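Enquirer: My questions all concern the structure below.
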Amino acid sequence: MKKTAIAIAVALAGFATVAQAAPKDNTWYTGAKLGWSQYHDTGFINNNGPTHENQLGAGAFGGYQVNPYVGFEMGYDWLGRMPYKGSVENGAYKAQGVQLTAKLGYPITDDLDIYTRLGGMVWRADTKSNVYGKNHDTGVSPVFAGGVEYAITPEIATRLEYQWTNNIGDAHTIGTRPDNGMLSLGVSYRFGQGEAAPVVAPAPAPAPEVQTKHFTLKSDVLFNFNKATLKPEGQAALDQLYSQLSNLDPKDGSVVVLGYTDRIGSDAYNQGLSERRAQSVVDYLISKGIPADKISARGMGESNPVTGNTCDNVKQRAALIDCLAPDRRVEIEVKGIKDVVTQPQA
């Protein structure tokens with residue numbers, strides 16, 4: 001039995017890689033175990049009777065899972081009380097100890113691991129006999145364990161384990177120096193295994209806001225009648241307009257300058273005049289800093305009059321020129337996409 005136990009422990013020691021059924025990284029666990037404890041190599045002075053080597057064993061343990069590969073475990077073991085009888089001496093031996101081991105594992109399935117524990121035990125062994133009375137001894141012995149662990153839930157796991165402890169006692173002090181093998185069934189509770197909070201997908205970015213701005217300037221302010229050269233007053237008006245355009249700062253913006261005339265004169269002449277006036281405005285705004293590829297001119301001639309038929313009965317030329325003044329205009333259309341800024345959620 002001893003050789004079999006050692007062979008199992010040595011074989012399991014090779015499986016020292018990631019255990020998927022292990023607790024989450026950097027978490028604690030605690031548990032308890034109960035099982036069959038058997039003492040080996042029990043030699044007692046003056047004892048020629050039966051020795052009850054098989055006893056009930058139990059223990060409690062706690063551990064810390066560093067990462068999927070390695071954990072550390074500390075526990076208390078009650079290895080059992082072993083009575084013995086002989087023709088001269090009758091008594092009992094009992095042992096208990098505190099152990100510290102490194103726990104290494106290997107995944108079989110998502111929920112099942114093979115593991116091994118390697119470390120040492122600080123033990124105390126006591127004897128009581130009708131001949132020598134009470135004696136005790138303390139010491140440190142190596143501990144080897146191997147087993148399988150099954151995760152019932154993320155928090156609760158069960159394990160089946162065989163543990164071997166070498167040389168518990170001093171034959172000169174308590175009359176024996178046995179080894180111990182314990183087969184146990186344990187249950188553990190793992191802390192901090194709750195499901196991670198679901199990741200809430202960020203709200204989709206709001207659709208960009210497309211904005212269009214319109215500005216209208218009177219041609220009589222910009223130009224002399226029947227001319228396409230900007231007046232100083234016209235330049236001053238465009239300076240103010242440029243400041244407004246700069247404040248808009250649209251993303252991917254474009255500026256269209258539309259020139260209009262009144263109905264006095266031929267269609268062809270008015271079309272050409274409206275184009276020249278629109279281009280004069282464009283050239284000036286480019287000189288102020290608007291990119292040339294973002295602004296264009298378009299002559300609209302005498303189309304889209306704003307006066308309608310209000311001037312139809314005006315016959316004198318000077319009066320008609322004054323009446324049709326609203327038709328002589330320059331319209332500036334700014335199109336662009338404005339970035340929508342949302343406030344972060346609290």
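Here, residue 1 is simply the first one shown, and the rest follow in order.
The backbone N, Cα and C atoms fix where each Cβ goes, glycine too.
Okay, so Swiss-Prot annotates it like this:
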DISULFID  CYS311-CYS323  disulfide bond
MOD_RES   SER184  O3-poly(beta-hydroxybutyryl)serine
MOD_RES   SER188  O3-poly(beta-hydroxybutyryl)serine
REGION    201-208  region '4 X 2 AA tandem repeats of A-P'
SIGNAL    1-21  signal peptide
SITE      GLU73  site 'Part of salt bridge gating mechanism'
SITE      ARG159  site 'Part of salt bridge gating mechanism'
TOPO_DOM  22-26  topological domain 'Periplasmic'
TOPO_DOM  38-54  topological domain 'Extracellular'
TOPO_DOM  79-95  topological domain 'Extracellular'
TOPO_DOM  108-111  topological domain 'Periplasmic'
TOPO_DOM  121-141  topological domain 'Extracellular'
TOPO_DOM  152-155  topological domain 'Periplasmic'
TOPO_DOM  165-181  topological domain 'Extracellular'
TOPO_DOM  192-346  topological domain 'Periplasmic'
Enquirer: Within 10 Å of the Cβ of CYS323 (disulfide bond), how many other Cβ atoms can you find? Include all protein chains, please.
Expert: 17
Enquirer: Against which stretches of its own chain does the topological domain 'Extracellular' (165-181) lie, if we need a Cβ under 8 Å and a gap of at least six residues from its ends?
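Expert: Cβ under 8 Å, 6 or more out: 1-2, 5, 37-45, 77, 79, 82, 93, 95, 97, 99, 121, 123, 125-127, 129, 132, 135-137, 139, 141-143.
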Enquirer: Validating a neighbour-count step here. Other CB atoms within 10 A of the CB of SER188 (O3-poly(beta-hydroxybutyryl)serine): how many?
Expert: 21
Enquirer: Are there residues at least 6 beyond the ends of the topological domain 'Extracellular' (121-141) whose Cβ is under 8 Å from a Cβ of it, and what are they?
Expert: 46, 77, 79, 88-99, 165-170, 173-176
Enquirer: About how far apart, in whole Å, are the alpha carbons (Cα) of SER184 (O3-poly(beta-hydroxybutyryl)serine) and ARG159 (site 'Part of salt bridge gating mechanism')?
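Expert: If we compare the Cα positions of SER184 (O3-poly(beta-hydroxybutyryl)serine) and ARG159 (site 'Part of salt bridge gating mechanism'), the gap is 8 Å.
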Enquirer: Return the residues near GLU73 (site 'Part of salt bridge gating mechanism') by Cβ distance under 8 Å, restricted to its own chain and a separation of at least 6 in sequence.
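Expert: Counting only residues 6 or more apart in sequence, the Cβ neighbours of GLU73 (site 'Part of salt bridge gating mechanism') under 8 Å are PHE61, GLY62, GLY63, TYR64, LEU100, THR101, ALA102, LYS103, ARG117, GLY119.
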Enquirer: Under 8 Å Cβ-Cβ from CYS311 (disulfide bond), six or more apart in the same chain: what's there?
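Expert: Spatial neighbours, sequence-distant, of CYS311 (disulfide bond): LEU320, CYS323, LEU324.
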Enquirer: State the non-local partners of the topological domain 'Periplasmic' (152-155) in its own chain: residues 6+ outside its ends, Cβ under 8 Å from one of its Cβ atoms.
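Expert: Counting only partners 6 or more residues beyond its ends, the topological domain 'Periplasmic' (152-155) has Cβ contacts under 8 Å with 189-191, 193-195.
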